Amino acid sequence: MRILADENIPLVHAFFSAFGEIRQLPGRAIVSGSLGDADVLLVRSVTRVDAALLEGSRVRFVGTCTIGTDHLDLDYLRRRGIAWASAPGCNARGVVDYVLGSLLSLAERQGVDLASRCYGVVGAGQVGGRLVEVLRGLGWRVLVCDPPRQALERGDFVDLPTLLRECDVLSVHTPLTHEGAHPTRHLFGREQLARLRPGTWLINASRGAVVDNRALREALAGRTDLQAVLDVWEGEPLVDVALAGLCHIATPHIAGYSLDGKLRGTAQVYRAFCEQQGVPPGVLLDELLPPPWLGELGLDGRADPAWALATLCRAVYDPRRDDADFRRSLEGDEQARRSAFDALRKHYPPRREIDGLRVRLSGEAPRLRQLVRALGAEPV
């Protein structure tokens, strides 16, 4: 069996070498002519998998080590009888850490109490659902908009106009869809952006085209009260430099790039492939994942909860570092910016998730204990 894999998928050899020969290429270099005699194709979101890529190939299994599948032509794969798998939820915790870090940065800049804001989460799947749990666990008011889920289940959902009217913060976590009852391409277009409340913060860590980038650039240029955090962009790896300059935080599609999330993605696709092959998994993620290096952090039980929240989150991750690196990369010409976008992702430094943090609290500290648990850390 021959396996072709994106070179940025971690631990490919550890998980898949027992199945055969592995060849690796940059994700954007995986094209029809590079498939050779591959039976298995392992990709990330930068590789479009469709008839143009696979027609006439030997590929019988496609695995994407990402939560999204908008880069896969699933109808084509089904028609051809090609098995496929993705990694839903693999990086959910990392994205939540990114959103929390962004909120802290915005609050610090504007002198806002995060507990006083109303949060709107658009898309309550693996990532959005996890974010809702954390925000509500912190005791904050959260409204959720997810029309597909609302159509299938009872729940406390609201429509998008209600979110635009009620919420001070909007965090977008939908897949990118172009068809169906609830397409998400340009879900936030000129009309929706014009209806944002004064002082709204808009965070997009889903897919670039869910927000109309041109319309957002115009909105930010015309309304200085709005703030945007963008991790995803239309036209990646080439981004709108003017739009990035108007954002409070701008990053190169790394919100979910925690080490844990990336390894989890490979492991999920590996397990799906083992199931497709009818063999039990022989490799376990726990055997390969390095122990948490965050260690233990001590907090005075009398500490202010807002200060404690910032301290804990920033002990794990602060997106402002990635923002600074990304802005430096936008100074070159078009080709240099394209290359820099991919290079920042390829050479992204290891980052762990807050789940691995242990927090030692002095005294009873019931409020801080609840805060620590809400974040997903372990109070001791």
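Note that Cβ sites are derived from N, Cα and C of the backbone, with glycine treated the same way.
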Note: Swiss-Prot has Gln126, Val127, Thr174, Ala205, Ser206, Arg207, Asp231, Gly256 binding NAD(+), and from Asp146, Asp156, Asp159, Asp286 that site also includes Asp146
Rounded to a whole number of Å, the separation of the Cα atoms of Glu236 (active site) and Ser45 (substrate binding site) comes to 11
Consider the recorded positions Ser45, Thr66, His253, Tyr257 and say which one has the Cα lying nearest the Cα of Ala205 (NAD(+) binding site). His253
Quick one: Cα separation, Tyr257 (substrate binding site) versus Arg207 (NAD(+) binding site), in Å? 14
In whole Å, how far is His253 (active site, proton donor) from Thr66 (substrate binding site) when you measure between their Cα atoms? 12
